[in-house]
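So the structure is just underneath, and the comments pick up after that.
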Amino acid sequence: MTQEERFSERLRAAAEPDWTAAVTHRFTRELMAGTIAPDIMARYLVQDHRFLDPFLMLLGAAMATSDRFESRLRLARFAGLVAGEENTYFERAFEALGVSPAEREATPDTAATSGFQAIMREAAERRSYAAALSVLTVAEWLYLDWASRAPQPLPGDFVHREWITLHDNPGFRDFVAFLRSELDRVGPEHHALCEDLFRRAVALERAFFEAAYGAEAS
Ligand SMILES: Cc1ncc(C[n+]2csc(CCO)c2C)c(N)n1
């Protein structure tokens with residue numbers, strides 16, 4: 001099978017033009033250049049922190065519905081990583097950006113955040129490994145795609161640099177390769193379901209970046 005024939009790649013291609021618009025979005029370009037305005041970065045991270053709880057729910061659903069013990073172990077190890085390392089990044093970044101807990105609480109969800117939470121819940125509630133994988137793969141692979149485009153040297157500010165290296169490191173790369181190979185393996189039998197979830201998740205990723213700049217994409 002060529003790269004182009006892979007099920008995951010066919011889903012990615014079907015999600016254009018949103019995929020390319022997301023991975024080349026102004027947010028990712030300014031982040032990688034280290035020029036992003038602090039209030040934009042803060043707005044993005046306040047919303048993104050709300051991603052974590054439903055994301056763990058979705059990871060748990062994938063763990064529960066996987067047909068293989070080896071896959072379950074791999075998903076479980078990743079869940080441990082997410083619950084640890086990334087959480088301290090958010091705490092340190094909020095502190096550095098001067099975002100108080102009160103300010104975070106007073107900020108409502110954007111439409112993109114609510115949409116993302118809803119699709120993660122939807123995919124989790126289907127009790128289908130293929131469904132859970134479709135949304136998980138978008139959330140991880142799309143982030144690896146933009147982060148792996150970062151030119152060297154990376155920005156000096158840890159708020160920017162660590163948000164890039166969290167999404168482009170050997171462990172994360174391996175995990176994305178694993179998710180894609182799982183989706184290639186179990187997805188084709190549920191093609192329509194996977195394509196629907198995958199495309200909607202990519203559109204939401206694009207809207208999520210837009211929302212950081214105040215434009216609420218529908
Ligand atoms: C809107 C949005 N989409 C995807 C990610 C990427 N992501 C979400 S949870 C997780 C696991 C640990 O990093 C990763 C990579 C994000 N942060 N925000």
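Keep in mind that glycine also has a Cβ here, set from the backbone N, Cα and C atoms.
Annotations in TrEMBL come from automatic prediction, not curation.
These features come from TrEMBL:
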type	residues	note
ACT_SITE	Glu205	active site, proton donor
BINDING	Asp48, Glu86, Glu140	substrate binding site
DOMAIN	13-213	domain 'Thiaminase-2/PQQC'
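Where TrEMBL records a feature, it is marked here on the structure.
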| residue | record | DSSP class |
| --- | --- | --- |
| Asp48 | substrate binding site | helix |
| Glu140 | substrate binding site | helix |
| Glu205 | active site, proton donor | helix |
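Most Cβ neighbours within 10 Å among the recorded positions Asp48, Glu140, Glu205: this distinction goes to Glu205.
In this structure the C-alpha atoms belonging to Asp48 (substrate binding site) and Glu205 (active site, proton donor) are separated by 11 Å. Counting in whole angstrom, the residue listed as 'active site, proton donor' lies 11 from Glu140 (substrate binding site) by their C-alpha atoms.
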